[in-house]
Amino acid sequence: MPATSLDQIVALAKRRGFIFPSSEIYGGLQGVYDYGPLGVELKNNIIADWWRTNVYERDDMEGLDAAILMNRLVWKYSGHEETFNDPLVDCRNCKMRWRADHIQGVCPNCGSRDLTEPRPFNMMFRTQIGPVADSGSFAYLRPETAQGIFVNFANVLTTSARKLPFGIAQVGKAFRNEINPRNFLFRVREFEQMEIEYFVMPGTDEEWHQRWLEARLAWWEQIGIPRSRITIYDVPTAELAHYSKRTFDLMYEYPNIGVQEIEGIANRTDYDLGSHSKDQAQLNLTARVNHNEDSIARLTYFDQASGRHVVPYVIEPSAGVGRCMLAVMCEGYAEELTKAIPGEKLAAVGEALNAFLKSVGRSEKLSGEARDAILARGEELTQALAERLPEVEQLLAMPGADQIELGKKLRGQAQPLIDEHYRTVLRLKPRLAPIKVAVFPLKRNHEEIVATAKAVRRQLQAGGRMRTIYDDTGAIGKLYRRQDEIGTPFCITVDFDTIGQGKDPALAGTVTVRDRDTMAQERVPIAELEAYLRDRVSA
Ligand SMILES: Nc1ncnc2c1ncn2[C@@H]1O[C@H](COP(=O)(O)OP(=O)(O)OP(=O)(O)O)[C@@H](O)[C@H]1O
């Protein structure tokens, strides 16, 4: 089952080093996050998968990496200076600011209805280029990567000698001064986009729009978001952006946040190339564009069949990397019992817990209400102990000498049980997993076992294809749980059998390979490890 609460993902992301708040030691910066050691791997793997699918595995695509800073005129003629606005309202009571279309006429902070009329707020960040702050030095941080593609259309067309239809793919940072950044990675002020601008002959645009919808759904499925988990929102005409003839928003149901856009697939007509072209009057544009008196290029395509210059239509699939990563983590997340707890062990823990609850009931320090609540749930807690570690932890944290004594006893009994029977697992597609293989020595102070484990790690990493780590910081069970939580598809253990000192001499030169999802273990000869893992880690 996927994550049931965003908190599960936020906690895991922090605990294991996927995501950190930006500038945390100075109190953070709202709407900005840093990708930690595991986050950067997952993010890079998502981007690489998108690039491979959309650039390498197609015959009709080129890549591009345009600069974030661009001439201000780009944003004038793209329409962003005029229209890239969100409706801003102020709460007169508590002074909080909100996006009018995100609230229900009442301040979500204080409940006041005393709000200002919505007014347009331009979301582009401004900066200054060069040492002199005058009007000529003014620039924006790009709020989308798409414009870098449009203004390079002629460059790519002439250097690649492409014929329509063809597309340009780009991944890069975008910045939006969101009024209310929130919901972790979902709405932030600095993020990455994976965008395609696909250029087609006018008249074939509707068909290509449908084809891209299918292609994009197939990609989401490939990275672990099944078709059944995505809703297609066919944006009603009244809600369409001014440049769009039709837009499909792909929506994913995030826990707590609800059904939200992860990707927009827009038919942008000839609006973009037409907007950035000179001689617009001669281009037979269908889109309404602002008169361009600054561009030095005609962004057209010579169609040999008709002998005419045409302005291609554009289909744009545009996805956010952060929203994608959040969806992939939510979808792959599971907390589960790994096997049924044997009756007598449960009874022993139950006894300790009951004694503990009794003691809590006598405690002067506990409020009556809390005591009653705990006693009422005593049996249920006992039964479901392994699934309810956080609640048990809460009980253990309560004050009072008896509690501490019993708490210790309980923890002592419960922890191994819980460790053995309960786990959090991130079922990422192996190709996305930050770490593909983790290698453990069964004994961390045994020279030969350690040396063999390190050699196995080096051998697998040397292939360059699978990120492999060595870890000896705990008992094997604990190490498995850590790797389960971060989505590592395979763990390898080097033991006495491996080095020929175990019970079975036939196992010399083999290691245990454990599968994250099935938890099944297999003995594999070291010499065959790479072949065994190669396809499995790129699945
Ligand atoms: N503030 C943001 N934080 C994270 N990702 C974003 C943000 N804004 C846009 N994206 C991502 O970029 C993609 C394309 O951007 P687009 O301009 O279509 O978004 P949008 O329609 O403005 O999004 P929303 O309506 O949620 O603000 C979105 O589908 C989303 O994945």
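Residue numbers in this text run from 1 along the chain shown.
Each Cβ is built from the backbone N, Cα and C atoms, and glycine gets one as well.
Since this is a predicted model, take the numbers as computed values, not measurements.
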Pick from E24, E41, E144, E253: which one does TrEMBL list with R99, F191, E192, Q193, M194, E195, E316, P317, S318, A319, G320 for the same substrate site?
E144
I want to check the contact list for F191 (substrate binding site): same chain, sequence separation of six or more, C-beta distance under 8 angstroms. What comes out?
K173, A174, R176, L185, G320, V321, G322
Are there any residues at least 6 positions away along the chain from R189 (ATP binding site) with a Cβ closer than 8 Å to its Cβ? List them or say none.
Q30, G31, V32, F125, F175, R176, N177, E178, P181
Other than its own, how many Cβ atoms are within 10 Å of the Cβ belonging to A319 (substrate binding site)?
24
Select the closest residue to P317 (substrate binding site) from the following binding-site residues, measuring between CA atoms: R187, I262, R323.
I262
Taking R99, E178, Q193, E195, A319, V321 as the binding-site residues, the residues having C-beta under 6 A from ligand 1 are E178, Q193, A319
Tell me whether R189 (ATP binding site) sits in a helix, a strand or coil according to DSSP.
coil
